[in-house]
């Protein structure tokens, strides 16, 4: 049995069946010849695999989620004297019996979930890398660009959009003494969102921030005149970009995020 052939049949990529077969075969001193047959959608393909397996005296291991396909393979393989092992079917049936829930019978679900997970991780890493204007190159790479003065929820909003919407978000702080990065004027305005807040609200937030750091709330950072100067600068920059502005004064992060997501969906950007 040095070259025992195993046909791995799947209605998706076949990674699950492949891994299970290799794990099982690893318990034996011979090297199997594993041949994967992915994306099987019809009984014609199954019939062909059974015929080939019979001529090669091979074993068929399969992950097919649709009951009719599973039953067809088991029945026809038995008629031809071919050993066929259902890797996932009995477990699906058992879970259905225990939970009373009807399965989706949808191929490739795990793979799609994995892809979504990695998209989320990528978006989170992007938000960290391009947080607070650390690298202006992120502006042109981002799905969303948040623009605002200090303490307008840019960072938590970036993280929320990454975690929950898998969007790559860069955020850019604006201060009167520093010219905005040129990339802000190069990126599509539809991707940009200015975050504004009423002066009194921001004044309170900044004072609380200073107190939490053990600093005097009389610092310039929390001075109402300084805040107004920053807001004026923000409005000047935003008018040049001509992007949508969201008043975050009394909005939760989730509410602001929904406004942004609805806007980009309406524009069919993603």
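Every residue number used here counts from 1 along the chain in the order it is shown.
Quick reminder: no glycine exception, Cβ is built from N, Cα and C everywhere.
Remember, predicted model here, so these are calculated numbers, not experimental data.
Residues annotated as ADP binding site in Swiss-Prot: 148, 149, 150, 151, 152, 153, 154, 155.
If you take the C-beta of residue 155 (ADP binding site) and look for same-chain residues 6 or more apart in sequence within under 8 angstroms, you find 131, 132, 171. Around residue 152 (ADP binding site), the same-chain residues at least 6 positions away in sequence with a Cβ under 8 Å from its Cβ are 195, 196, 197, 202, 248. Reduced to three states, the DSSP call for residue 148 (ADP binding site) is strand. Considering other CB atoms within 10 Å as the measure, the emptiest surroundings among the binding-site residues 150, 153 are those of 150.
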